[in-house]
């Protein structure tokens with residue numbers, strides 16, 4: 001005898017079989033919109049509209065207020081060389097005054113600086129390097145020792161009335177190195193022997209005369225000891241000229 005199973009009745013929505021209008025259709029895969037720019041097929045947006053809709057504001061920099069009296073922007077700031085204390089016009093005028101040993105303008109050297117001497121010393125070392133001599137450290141060391149030597153000698157001669165400070169000594173010796181720098185440049189093209197020695201003597205006398213006159217006119221009680229000051233300057237620049245000869 002067959003066994004009977006109780007099967008529950010199937011109930012369809014809306015009381016009937018599902019029709020074709022009630023079936024859920026599969027969705028199509030995602031497709032990006034077509035580009036409006038035919039030259040760039042892989043871009044799915046309009047570059048022109050995006051650039052037009054995007055706006056960037058110009059950055060505003062805060063102005064610097066000095067003393068509460070006004071504001072100073074970047075356009076009103078002084079040049080970089082002026083902030084560093086380098087006066088190119090003054091260096092040029094001092095250099096021109098050294099070029100004429102018979103008309104040295106001592107008033108230009110009242111304001112001492114180290115920018116011009118540093119340029120001359122680097123140029124001297126460069127010309128020595130072109131001659132196959134590496135003397136940068138020797139030059140800087142000798143300038144310091146020469147400045148100390150001139151400072152001690154002058155203040156011993158002038159006593160309490162001496163007003164020549166060490167900073168001014170370095171400035172004067174550095175600027176009066178210009179003839180020695182010219183000598184080092186000329187020596188690259190001159191033959192050795194008697195010719196270079198005679199030319200060296202001329203340039204040493206040039207530097208000695210200029211440095212002596214500047215020291216005598218800028219420092220008090222210098223005129224009384226002109227001969228001894230000239231001898232000290234001669235020894236200093238003769239020492240530098242030995243770097244050129246040998």
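The backbone N, Cα and C atoms fix where each Cβ goes, glycine too.
What TrEMBL says about this one:
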REGION    1-34  region 'Disordered'
TRANSMEM  112-130  transmembrane segment
DOMAIN    119-245  domain 'Yip1'
TRANSMEM  136-154  transmembrane segment
TRANSMEM  166-188  transmembrane segment
TRANSMEM  228-245  transmembrane segment
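Counting residue by residue with DSSP, the domain 'Yip1' (119-245) contains 105 helix, 0 strand, 22 coil. The average pLDDT computed for the domain 'Yip1' (119-245) is 94.
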